[in-house]
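Feature annotations, courtesy of TrEMBL:
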{"type": "DOMAIN", "residues": "139-260", "note": "domain 'UBP-type'"}
{"type": "BINDING", "residues": "CYS167, CYS170, CYS187, HIS200", "note": "Zn(2+) binding site"}
{"type": "DOMAIN", "residues": "338-830", "note": "domain 'USP'"}
{"type": "ACT_SITE", "residues": "CYS347", "note": "active site, nucleophile"}
{"type": "DOMAIN", "residues": "648-689", "note": "domain 'UBA'"}
{"type": "DOMAIN", "residues": "705-745", "note": "domain 'UBA'"}
{"type": "ACT_SITE", "residues": "HIS792", "note": "active site, proton acceptor"}
Amino acid sequence: MELLRANLPRVRIPEPTNRIYKHECCISFDTPKSEGGLYIDMNTFLAFGKDCVGWNFEKTGNPVYLHIRQTRKLVCEDRPLKKPTLLAIGVDGGFDNNEPEYEETRNIAILPDYVRLAVDAILMAEGAERKEQVASWTADKKHISEYALNLQQLGNGVFIHPSGWKCAKCDKTENLWLNLTDGMILCGRSNWDGSGGNNHAIEHFKETGYPVAVKLGTITADLDAAEVVGSFTVMYMSQGIVFWTDDRRTEDKQNLLIVLSKIGALLLSDVFSYPEDESVLDPLLAQHLAFFGIDFSSLRKTEMTTAERELDQNTNFDWNRIQESGQEMEPLFGPGYTGLVNLGNSCYLAATMQVVFSTRSFCSRYYMTQSLKKAFEAAPADPTVDLNTQLAKLAHGLLSGKYSVPAPEKEDTTNVANATPIAKQEGIPPRMFKGVIAASHPEFSTMRQQDALEFFLHFIDQVERVNAGKPEFDPSTSFKFGIEERLLCPSGKVAYNRRHDCILSLSIPLHLAINKGELEAFHKSKGERDTQGKEVRSADEIVRPRVRLVDCLRSFVAEEEVHDFYSTELKAKVTATKTAGLISFPDYLVLHMRKFVMEAGWVPKKLDVYIDVPDTIDISDMCSKGIQPGEELLPEPAAEDMAEPKLLADDDIVSQLVSMGFNNLHCQKAAINTSNAGVEEAMNWLLSHMDDADIDAPISQEAQSVDQSKVDTLVSFGFQEDVARKALKASGGDIEKATDWIFNPTNVSSSSDMDVSSSTTSIADSPLPDGGGAYRLMGIVSHMGTSTQCGHYVAHINKDGQWVIFNDEKVRVSKNPPKDMGYLYVFERLNS
């Protein structure tokens, strides 16, 4: 006690603003469940494992720690199952997820003498880890639609029978949608596999403008179905919907029905808003259905919702192939075989980081040459916000093998088919790493699904930043290479542009598919089935285009036309010819397959295609040749060439708007900012910008800024606003070209880089790795789902001569790696 009194000045009482860590060590993945438990510094409130607490004492001199240790309770095999009182999983009163129970002991430890006393301090505070996880759980939610709230229903006498529905324009009897304005029953959209409807519901909206429809067959008030709503909770949590029943029990069907009715009639119903192009909530659904004589309390769910159908289709094919479902796969443990726990839609991070830390450059930088103690000593006062420290922590967690051990068996770890236990590992949760790497990014800091490519690019950028000025320590350079583009003007003169990159983004030339005969036969058969009203029976019957990787690589270096290229020789915009090549070969070559494209009408689409990828490639012939003897460079642009022509307002548009009573200056701005698209577009812009602070400022004589409506359009596709602005500026305000610029900046005809018809431009001074162009395939990141904003990512990595699948915390031997279904391919350069 005397020793404790002597150290009391170093003990702080936590305030509400303090971040208290008590669930995980800040420099390792030790937890209270680990051997030795967890030590919480009672001055800084940072937590340390048994092996790390001494380092903190040496660094800070803080001697007093709260020691928390949890030991697993022995559970009786015939324990009764607890009745859930909440429709949720893994929370008090929710459905049991079979997690083992632990007994916790708490003591005071005073270093270096380790005097221990019982204590309850700090324990009532919520851990910072939990706070951050809750704060970041901002998954997309179905919102209440204004179109549903203000819906006008036609009194046309339509009465809907409770069964026997059929599309009013074809013979479809499934995937039917009831338009809530006029009561028309029409089939839904056609799915990618030929199933679904004939698009009659969406066509009806385009003809009439009637905005909201509900999917028949998904409307239910069946509380037997509501009892199992917990099984839907996981699926609907991805859309931000969680079903709560206050303190009512699920078996209290009448009260649960009242609750569900109060929070929006029936949340399980599939309601779609065509103007908003997304699923929405209709709080007046019961009233809207009753208008057509439908009593929702008498209906039963007979069809899957859109989300369920998408999940089911993915599970039937892509998910099974990429995850190698249905196969007995040997679990792996030890150094380099540690899984990453999914924090909630964090599989894009897990798959990417497993590949990154399978490279020699990152292993050497953050594991082989840097101990955890050394990383901690170099860290700032709070190591939880230091990227280098968290990278070292992640590297040691993944590569040491300390946490890659069989997990304690749970009740659900038995394979029913053969009644043998399945060895599993718990994996490590990358919470602190995610918090640091996502701190500067508004999207990655959420719990929404993200694009693995965008995360990789962001990660490389952040690693480069923290190693600025120390290129010899920067492992991200192992991914970097130089690209040179040659532009040939009709005058015969040329221009060269150079840039650095860390991914090679490849378009997929579907016209070069090697199975054209099979494709033609399949489409012919499918056409006949469509005529007969039959659908493709299973996803396995679908024939997909198969394109060789070598053809994708050739498309990168192939000649292409660049329209509207400004020639400083001819003083005019011309059509130039562009070719590209590499000026260096990286240690690790990342190939991005451009599977996500825009269909007509600006609908994002994922190409359903196979890529034939060999185990080794040689891209030596992609090397750029540079300026050739006899070539003459285009002259440097003059100042007048660099200036963009001023866009003038269309007089007709301005005069029509003025005649409506608008201010002349405002009308000119509206016409200019909508690129003179028309009176309606200009008026819409004007109405939404009347309150702008600069609305009365004189029109600048400089080039006008990009049209905000076009920026909003690109943002609605899922792109960041700053990227959208840059793309529109580089593409002259053309949305199609801007989209292409985002996916592949080198392809935009009016890119500012391409307009500068000059000699070779300088690139970053830092040296790039270089060597031979021969590579072997060492990693694949595969994506399952229709969009990068949903679905699941899995990594396959060639380790120690065998392929291994990393599926979040599951690490197993891969029997059939899906080499033809990758989204990102990582190749390691062979020794020359």
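Note: Cβ is positioned from N, Cα and C throughout, glycine not excepted.
Under 8 Å, Cβ to Cβ, and six or more positions away along its own chain, CYS167 (Zn(2+) binding site) finds THR173, LEU176, ILE185, LEU186, CYS187, GLY197, ASN198, HIS200. Counting residues per DSSP class in helix, strand and coil order gives 29 helix, 0 strand, 13 coil for the domain 'UBA' (648-689). Using the Cβ center of CYS167, CYS170, CYS187, HIS200 for Zn(2+), the list of other same-chain residues with Cβ within 8 Å runs, in sequence order, ALA168, LYS169, ASP171, LYS172, LEU176, LEU186, GLY197, ASN198, ALA201.
If you take the Cα of HIS792 (active site, proton acceptor) and the Cα of CYS347 (active site, nucleophile), they are about 6 angstrom apart, rounded to a whole number.
Straight-line distance linking the Cα atoms of the residue listed as 'active site, nucleophile' and CYS170 (Zn(2+) binding site), rounded to a whole number, equals 41 Å. In this view, CYS187 (Zn(2+) binding site) is surrounded by 25 other Cβ atoms within 10 Å of its Cβ, with every protein chain counted. Of all the recorded positions listed here (CYS170, CYS347), it is CYS170 whose C-beta has the fewest other C-beta atoms within 10 angstroms.
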